[in-house]
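Data first, discussion second: the structure below is written as C-alpha cells.
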C-alpha cells in the first residue's frame, strides 16, 4: 500500500513540476529583489540587491518530492530499511530542501525583503527538520516520552520563530497604506498556509503519542506530501505570477 501511494505521489508531483514550469516560462516577468543593507557608518559600501523570478523555485520543489517518493517506490532495499528501522531519513533530507524553498517564498510574499533574513528563515527550517528526524530516530530506538516531548517543544519553538517573523512582516505590509484595506481572502490564504505547515508537525505528534502506528504515520506524510504541498505550491505560484502588488510603492520590484 505504501509503495503504491509513493508511486502515485511521485507521478503527481512530476506532473505538477512540468505544469509549473510551463506556467512560469510564460509569465517570466516578475522579479523579486532582496536588498542587502550595510551599516550607515560603512560609507564605502552601498546597499546591494539581488533578484530572481520566484516562480522558478516551484518546479524544483515538486521535483524534490518526486525524487523522494520515487526512491521509496523503486528501491526495495530502501523500503525494507524504512520498515525495519522505523525511520525515513530521505524524507527529512527532502523536507529540509523543499520546505526551505517554500519558506523562502513565504517570506518574500509576506514582505520579508532582506536577503540575510530570508536565509535565516531557510536555515531555521533546516534546523527544524533535523529535530523532526531526531525525534523519529530516537523514538525508534526507545527514547522516553519526556525526551521526545522536549525535542518536540524545541521543534515547535523553531517553527513559531519562523512564523513570528512572517506574520509580523505580513501585518506590516497589509497595513502599510491606511487608505487601502486588504481583502479578506488575503487573510484566509495566510491562515491556510499556517495550517498546512502545521499539519506535518501534528502528524508527528500523533505518532510520538502512540495514537497512530508507524505505517499510518508514513501514510500520513505521503498524503500530506501530495495534498498539502500541492495546495501550498499552487497558492504560492498564484501569488508570484499574479503580479507584485506588495511592492507597487517600492523600488524592489522590477
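Keep in mind that glycine also has a Cβ here, set from the backbone N, Cα and C atoms.
Range annotated as transmembrane segment by TrEMBL, chosen from 106-131, 184-209: 184-209. Residues of the same chain lying 6 or more positions beyond the ends of the transmembrane segment (221-240) and with a Cβ under 8 Å from any Cβ of it are 2, 5-6, 8-9, 12-13, 16, 20, 23-24, 30, 32, 53-55, 58, 61-62, 65, 68-69, 88, 91, 98, 102, 105-106, 109, 189, 192-193, 196-197, 199-200, 203.
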